[in-house]
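A.B. asks: Among the features that TrEMBL reports, NADP(+) binding site is placed at 153, 173, 234, 296, 297, 306, 334, 335, 373. Under the heading domain 'FAD-binding FR-type', TrEMBL lists 90-218.
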């Protein structure tokens, strides 16, 4: 967390447990967070999420809104190329579960968990990459062999949620199968890996492969670039990593001053993921961050139907197309079923503007502005 120098201003720090806040007060005249100094501040609130076995700073400082969290080791910035497939399926890395937390409300359909994994610095990755997880047990289709690898987009920056380069976080929805005839859950058909991860306990071991993937890497050559992120459900994972790097962490070699625009599609308010983090960036960096939610079971689109993420894209289509023409990067992550509706919307909008979507898409891909990871 950020380094601080202490002497005479009241600083309230809420420490969040599962259901309550405890407030601690200490005196200070000068608080220094990495390269920013806040002198004689009347009150600074830090929100600390209690993840069972360790405290992880999950928000930036409220009143010193531009102060960022110090990270280490900064040597993680030195590599010119992303790490790729350090550990392979035949010889995975044995990591340790730090915490498993349900991060959706009671009215969310299904369960989504935030899982922090300790790799002790041995499995470095870049934002936008994925880890493979090999669940325990044997593959029923290949007796005697391990299960196939399941890929999960990493939901943290390279420094992890504890900012020390030793952990990675995954955002996992529990895959549950319901018999169409009886309507009852059939555990024998449930997702093996997602249930293993969501049921895991702190200290439990987990076999990891990777990291893999280059298509979703965050281009950092232009700190003033525009990044349009479109995610559904757990597809928000890589975008959480991008946004923490842009707005939460103090990385001397990366000073983001562009525009990040997140479109997130989920079923309802209880299904929103990392909403407190994103809302905080919105208040702290209103000129650099935009955040639009599509809640399919609570909102209506312009035609009176359910509000899906492609409807939000259509709503802002003129602006989005203008930004793409100016060189913006656009990213899509989530279930592959999201793409046909989005592509149809973009094609219709392009045609209404007198443009060929096929030509435009070809140009976006050629310029490396188009990034898609669906599963």
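Here the Cβ of each residue, glycine as well, is placed from N, Cα and C on the backbone.
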A.B. asks: With every protein chain in view, how many other Cβ atoms are within 10 Å of the Cβ of residue 373 (NADP(+) binding site)?
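C.D. replies: The answer is 20 other Cβ atoms.
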A.B. asks: With helix taken as DSSP H, G or I, strand as E or B and everything else coil, how many residues of the domain 'FAD-binding FR-type' (90-218) land in each class?
C.D. replies: 11 helix, 47 strand, 71 coil
A.B. asks: Where's the emptiest Cβ shell within 10 Å among the binding-site residues 153, 234?
C.D. replies: 234
A.B. asks: Which residue, of the binding-site residues 297, 334, has its CB surrounded by the fewest other CB atoms within 10 A?
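C.D. replies: Output over binding-site residues 297, 334: least Cβ neighbours within 10 Å is 297.
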